Amino acid sequence: MKIDAVFSGGGVKGFAYVGVLESWEEKNLQVERAAGTSAGAIIAGFLAAGYHYKDIKELMKTLDVEKLADPPWLSKVLPVTKWLFLYYQLGLYKGEKLEAWLGEALARQNIYQFGDLKPGVLKVVVSDLSLGKLIVIPDDLERVYGLQPETFSVAAAIRMSAGFPYFFMPKRIQGKNKEKSVIVDGGLLSNFPLWIFAEDEKKKARPVIGVKLTDTSTSMEPREIRNALNMFPRLFATMKQAHDNRYISKSQADHIIFVPTPEVSSMNFNITEESREKLRQIGKESSESFLRTWSG
């Protein structure tokens with residue numbers, strides 16, 4: 001069966017997607033179109049490029065996450081300067097190694113620009129801080145920035161979506177007025193863009209399955225807020241989830257695979273092989289449980 005798939009962000013928790021894809025292959029589910037944010041954009045990009053489960057498993061297995069933290073050379077020599085880069089460049093790490101890894105992986109499938117992909121097979125969500133807008137690449141490139149979608153780098157788009165604020169230096173897009181927009185992690189405005197394939201039910205060509213990495217086994221769970229310190233992360237989390245949860249509450253929850261990953265921090269770049277394997281197993285088990293009752 002052919003499906004459309006949407007993957008949420010989640011940083012290194014994205015290793016759980018390997019297990020999800022494994023269960024899909026066993027059930028002969030084939031992804032026709034894919035969309036995602038941050039880590040989800042990486043998986044969506046690989047699927048859109050024609051990679052299958054075993055290929056993606058190997059790509060993720062050989063990924064040295066720790067090396068993706070690539071500070072400017074000056075901050076290596078003078079560690080104190082990293083705070084200057086954070087202040088002036090808006091991030092601690094360049095993100096060039098992440099983009100290079102993505103580019104090399106996509107190049108093996110002869111994918112460089114969106115024009116190399118079938119039309120509509122990939123949608124990547126990013127946040128434009130300068131314009132205060134949620135942007136879908138490639139859909140919004142021409143309308144918002146006057147850019148030709150066909151010539152826009154796929155690797156660059158995914159890197160933008162995975163540009164966690166303050167951690168990675170933001171990428172920039174020059175718009176119609178020659179001003180450069182600051183682009184960061186799509187998860188800032190929509191961490192789980194299930195809405196992206198929202199169409200009239202009668203016109204839907206195939207089922208849509210969303211995969212959401214969560215801190216718990218449920219989509220939302222109340223959190224007690226006792227002081228200003230634990231209010232701050234909840235402010236950030238609410239900002240990320242409010243748009244998506246409003247849509248999810250209106251849609252059919254039985255089309256969403258919730259993958260609980262409470263024991264792993266999304267920004268743990270020192271993740272162990274044991275933790276990667278545990279995430280894979282959780283992803284597979286969550287997907288298998290979902291598919292046992294899913295009617296398509």
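Going from the start of the chain as shown, residues are counted 1 onward.
Including glycine, each Cβ sits where the backbone N, Cα and C put it.
Note that TrEMBL annotation is computational and uncurated.
Mean model confidence of the domain 'PNPLA' (5-198) amounts to 88 (pLDDT, 0 to 100 scale). The domain 'PNPLA' annotation in TrEMBL covers 5-198.
Feature annotation from TrEMBL assigns motif 'GXGXXG' to 9-14. Residues 36-43, 65, 161-162, 164, 185-187, 191-192, 213, 259, 261, 264-269, 271, 279 of the same chain, all 6+ positions outside the motif 'GXGXXG' (9-14), place their C-beta atoms under 8 angstroms from a C-beta of that stretch.
Taken from TrEMBL, the feature motif 'GXSXG' covers 36-40.
Residues near Ser38 (active site, nucleophile) in space but far in sequence (CB under 8 A, at least 6 apart, same chain), listed by position: Ser8, Gly9, Gly10, Gly11, Gly14, Ser161, Ala162, Phe164, Asp185, Gly186, Gly187, Asn191. Among the features that TrEMBL reports, active site, nucleophile is placed at Ser38.
DSSP assigns Asp185 (active site, proton acceptor) to a strand. According to TrEMBL, the feature active site, proton acceptor maps to Asp185.
Asp185 (active site, proton acceptor) is surrounded by 25 other CB atoms, counting those within 10 A of its CB over all protein chains shown.
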